[in-house]
Amino acid sequence: AMDGYRGFLGLLVSALLVGFLAVVFSLVWVLHYREGLGWDGTALEFNWHPVFMVTGFVFIQGIAIIVYRLPWTWKCSKLLMKSIHAGLHTVAAILVIISLVSVFDYHNAGNIPNMYSLHSWVGLTVVILYILQLLLGVLVFLLPWAPLSLRALVMPMHVYSGLLIFGTVIATVLMGVTEKLIFGVSGYSSFPPEGVFANTLGLLNVVFGALIFWIVTRPQWQRPKEPNPILFQPNGGAREGAEGSAINFSHVDQSDSKLNNEVAAKKRNFSVDEAGQRSTM
């Protein structure tokens with residue numbers, strides 16, 4: 001059973017509500033204050049950018065990050081959860097790519113320079129890193145041919161870079177909202193309704209990110225680890241549990257049944273050999 005289940009459930013519901021509210025705010029912003037959505041090279045096409053960024057890069061990515069923490073999925077196979085994790089990130093990546101196309105189409109149609117602001121520099125960088133992170137995760141953790149040693153090496157970097165990317169996305173969204181308000185809203189310093197509304201949208205993204213970070217960094221809410229295989233060194237005299245005689249990949253995903261079966265067979269063979277030696281003695 002999960003420790004602090006009620007606290008986890010409260011934070012999870014709060015995160016989902018805040019994230020969904022941020023998506024709604026992004027839609028209201030472009031539909032009510034920015035004249036709506038379209039795909040014609042005008043500002044209506046640009047408006048897809050904040051909607052898809054908040055929906056995909058913030059909300060869906062946040063859900064993908066905490067999907068392993070849902071206790072009612074702990075009985076599901078690790079392969080299924082990895083597929084859901086990768087699928088959510090793929091949906092987010094597709095929305096992000098569409099949002100970038102809308103920005104470049106709008107800029108090119110209006111002869112507006114591309115990639116001149118800090119928002120655009122950080123934004124494009126984090127998109128590239130996000131896609132590379134997704135591809136690396138699929139190749140190393142989802143597909144079956146990566147060795148356990150490689151998974152053990154990559155896992156800490158995968159976790160750290162995922163959280164770093166998510167935090168950078170939140171910061172990039174804040175820069176984008178501020179940039180749009182400064183360029184597009186006259187009298188921004190006099191607290192116009194659109195400025196207050198968009199600032200609130202930025203705060204919702206910050207709160208959502210904070211809740212996701214808290215959920216994913218609590219060790220008591222971590223998915224229980226499956227039994228870890230122990231690979232014995234061919235030194236002839238090592239016993240299970242002896243220091244230096246085994247390599248314990250405690251941070252490696254052990255969902256591949258083929259690998260588990262092979263390791264279990266090695267352990268059985270070792271036990272039989274050891275029992276035979278003791279009997280002879």
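Indices start at 1 and increase along the chain as displayed.
Glycine is treated like the rest: Cβ placed from N, Cα and C.
These features come from TrEMBL:
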{"type": "DOMAIN", "residues": "14-217", "note": "domain 'Cytochrome b561'"}
{"type": "TRANSMEM", "residues": "7-31", "note": "transmembrane segment"}
{"type": "TRANSMEM", "residues": "51-72", "note": "transmembrane segment"}
{"type": "TRANSMEM", "residues": "84-104", "note": "transmembrane segment"}
{"type": "TRANSMEM", "residues": "124-145", "note": "transmembrane segment"}
{"type": "TRANSMEM", "residues": "157-177", "note": "transmembrane segment"}
{"type": "TRANSMEM", "residues": "197-216", "note": "transmembrane segment"}
Feature contact check the transmembrane segment (51-72) with the transmembrane segment (157-177), CB under 8 Å, 3 or more pairs: yes
Averaged pLDDT score, the domain 'Cytochrome b561' (14-217): 97
